[in-house]
Amino acid sequence: MSVWQGWAKVVPTSKALAEFLSSDQLSLGFEEKKEADATGPGRLHLIVLDAVQVDQVHQQLRSVEAKLKTFGACEVVLVWPARTASEPSYAHFAARHSWREVSAYRELSCTTPCLLEVDQLAEQFHLQHLPPVSSEVDVSHVFLATPQMGGTKVVHACLASHAHLNFDTASSDWAVRLESLMLDGMHELENAKLNPAMSGAEGRIFLHLTALADMDGSEIFSLLETFTHEFVARHGALIQGLWLDEITIKVRLGSETAGCQRVLRFSTAAGEKYMKCLGMWEKVDPITGAPAKWEDLTSGQERLPHVADPNLRKRRQAARRAGSTYAPEFLGLLEAALRKQWSAFVRKRDISVPKEVLKSSELTLNVNGQIQDTEGSKLAEIGMLAWRLLLRTPEFPDGRSVVLIANDVTHQAGSFGVQEDHFFKKATEYARQRGLPRVYIACNSGARVGLVEEIMPKLRVQWKDDADPSKGFEYLYLTEADYKSLPSGAVIARAVPGVGYALEAVVGQGLGSIAGGIGVENLQGSGLIAGETSRAYQDIFTLSYVTGRSVGIGAYLNRLGQRVIQSSDGPLVLTGYSALNKLLGKNVYFSQDQLGGPQIMVPNGITHQLVQNDQEGAEAILQWLSFVPRDTWSMPQPILPLDPADRPVDFRPTKTPYDPRHMLAGTNGPDGRWLSGFFDRGSFVEYMAGWGRSVVVGRARLGGIPLGVIAVETRNVERKIPADPGNPESREIVEPQAGQVWFPDSAHKTATAIRDFNVGENLPLMIFANWRGFSGGTRDMYGEVLKFGAQIVDALVDYKQPVFVYIPPEGELRGGSWVVVDPKINPDVMEMYADEASRGGILEPAGTWAPVWFRAPQRREMMHRLDAKLRQLDAQMTTKPSEELEQEIKRREDMLQPLYTSVACEFADLHDRVGRMKAVGAVRETLQWSKSREFFYWRLKRCLLEGRLRRDVMSADPQLSAAQAQQLLHSWTGNAPKDAEAVQLLQAPTIHQRVQRLHARAVRHKFCAAYGELEQTGEVTGLRRYLLRCLLPTPLPSDVPDMSDTDMGATWERAGPCTGGALPGLLGNEKTVQKK
């Protein structure tokens, strides 16, 4: 049965409309339709060519209600010219509302309510139509939906498009057009949320594609699923900002000849899984055109469209009010960030993206109090959550494990109680035991504090004067009945005859309100997790992301984990600003940002990286992890580079100040041409940029290999110290800092970066050394520049990976700055190189060294020795001395003095050049800047391979020292002079075979030594002795085939030989067995 769209009547004025409704013409039209057997409900369209009063039309329809009912009219649509818009105005009147106007339909054309499913919205919400912005979408409307039963408001952007997208698996044109439609919907939401009344409202988008799609529904679902993943990855930050929780796309399937066959309803919602994709077949009511029922796309079982869990929505809203994201949804943000990372990675590489890039299992405590992996997720019972994540990243396409711990800010404001502390410790231990990276998402309110609520209603006050309470009170007490009603240990009190029990302490033992802790027990727990976090930093990679806020112990945990990413609206504070105001007795602070916002934590070095929202935070976490090894025992994972390792370095440092980031990452030249930097293009990421700005630190890749970077700012910078609002006399201080100089903050930053690279990250380190020295003025000495400079040495002494110190072109390394990076600090891993145009020495020649050591008398002697004019004057003075000649000589000397001062400086500078540095062994090699990238790539690769093999050799034979293992490796590679050749040899399969043989010999010697000890103690005799001699023979000299392996014979002797002759056996000599 089809819907009867009824009859349209055009009238010139509202007066003519009233006359029409009261005339017999109304009934005539309906009777004619009834004769055509149109027994379905009908719709009457009244078109008025002039202005009209909508309220009057309602009254007029009520007056003819019986007549409308008789002829089956169910709706009346009023159309009249709009004053400003090009489209007419619409008002809908419905019989089901006693012919009152349906307010949700105002300004909606006749077919729009059905296309946008406004009726379905109206069943759940009170709708308010909002003015849409102009867009290219055919139908676009925005509604503010208020739940009928109360709850969070929702802004719905409802769109319909009649354009053919032409879905195609071989083309992406349809995706570009669909993305444009989705962005139109997000633009509508963004515009609506500019209204303060929309604050806190969720966002939803409904898009109806009316053009028929001639394709299988499952194929379209697969295309839309892939599109959604990419769309969320690209626009995740905007989705987060709009609180967009649900996207629905309705697609009509069929062809122009066959018509519409089926309707696919595709939805993406933030439910149990962030932005999970669902597909359903939609059955349409043949009369109203509205959706009637839905069936699952794969199983065909009837089901309802996605409806958000009210409890989940409540928690999500609580987290958003705190300025954060509900903790479990960070898994979805990480997944979106992973897909974005993959999208960028495969753009120029022939690599496929894994279908499932993130897999998670929640960590929970079992009955024995131990951490266990559990599939799925559930709403937290405590304010702490943890997961073990399997991330399939471009570096680890097969997957890498990461432990993620997060505060649940929706549970008691994310505060730390006893249970939260215990769980945090166990989850961190879980990561430490497995050597896995541990990421902590901090959004909390510090240690939990509370009162024993059960005692409050029983509390009594013993006033000094009952008639005058202003005189104060003596003590608090409980009546005897109330005291005895409490469990033992709830309070500590003394009996007061005739009164009751005076309270001396409130314990709360046995009462429910202290569950989870309310006082010092929580501080104990804070100390527990503080110590565990400090140990975790020493053992594994630790990273914190601060979102919303992090207070008290929460702030300390971030600092103890060292590496911190901070959201722009996520302050780190020890005490809230209101508490400080009470302490000061006046309103000094007005926000938490004044105490621990980015403007405080970035310049002081607590925050390593700043992001604007949680989506950017998830991307920053993954970006940092891309430089981190699989576990604490592994090396960072190289990737297939797009930048050839042997390409030249185009950007060249100059004598004049320049931006060192251009040297590292490259830049566009004055002519717009790209000037490549030292590292792979696009790989350099700077950290701690706002602190110690005279030094630049970060992480980058060289030929795909990750490494830490430290460079020097050659330009002058400023350090700003903010004024303290608590001290009216304080003022902002701006301190200028010269380039190429270590100041207290930049020296501390350098030491911190070296320690971070070494601990947990296992990164090789590249130092572009271009320092003139340390700042030794009074203020800087007071600022502990000496201590922080010494910490650089401490950090390098402990470094385990290769460290390359390179003096770049036009760079110089002098005095104490040379001392703290000299390879003698840690010769096992450190090497120093210098560019052909670099300098190195104790003092700078100009102004310091040359005038002191090449003094004026020495310069005068050189003048008289080298200058022809002075030699002539000296000869004349010898034969005919005169005062006039002396004055002429003096004038000549004064004229030559600047020139010979330059000569003295040049002579002093010759002592600082790279030739002398190499001749005295201060640097290993002299390098040419344009070819330095290729040199360091092969050198780094060789050092990493040798380091890994050295550890393998020492594991194969624990009696070998590091020096012996290194010497053994050099003998295997034949001391190859070129690093590229050595890399080829170290990667050969024969190397692994040699390590295996070495391990076999070491095992035989270990057994042999054990047999010798047993024989000497007389514990093996008779048949047992001869049997063991067969199994454990003494190694013969031929058992050590590579006698070039230095000191190997001494190694065997230290193991101790077995007594008696060697007999071939199960563990016998290889060559003896072969001969037999």
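In case you wondered, yes, glycine gets a Cβ from its N, Cα and C as well.
Your range for region 'Disordered', going by TrEMBL and the list 358-379, 644-665, 666-687, 864-885, is 644-665. Same-chain residues lying 6 or more positions outside the compositional bias 'Basic and acidic residues' (644-662) and placing a CB less than 8 Å from one of its CB atoms are 674-678, 684, 686, 696, 702-703, 711-716, 739, 768, 770, 808-811, 929-934, 937-938.
Residue counts for the region 'Disordered' (644-665) under DSSP, split into helix (H, G, I), strand (E, B) and coil, are 6 helix, 0 strand, 16 coil.
Per-residue confidence over the domain 'CoA carboxyltransferase C-terminal' (644-955) averages 92 (mean pLDDT, predicted model).
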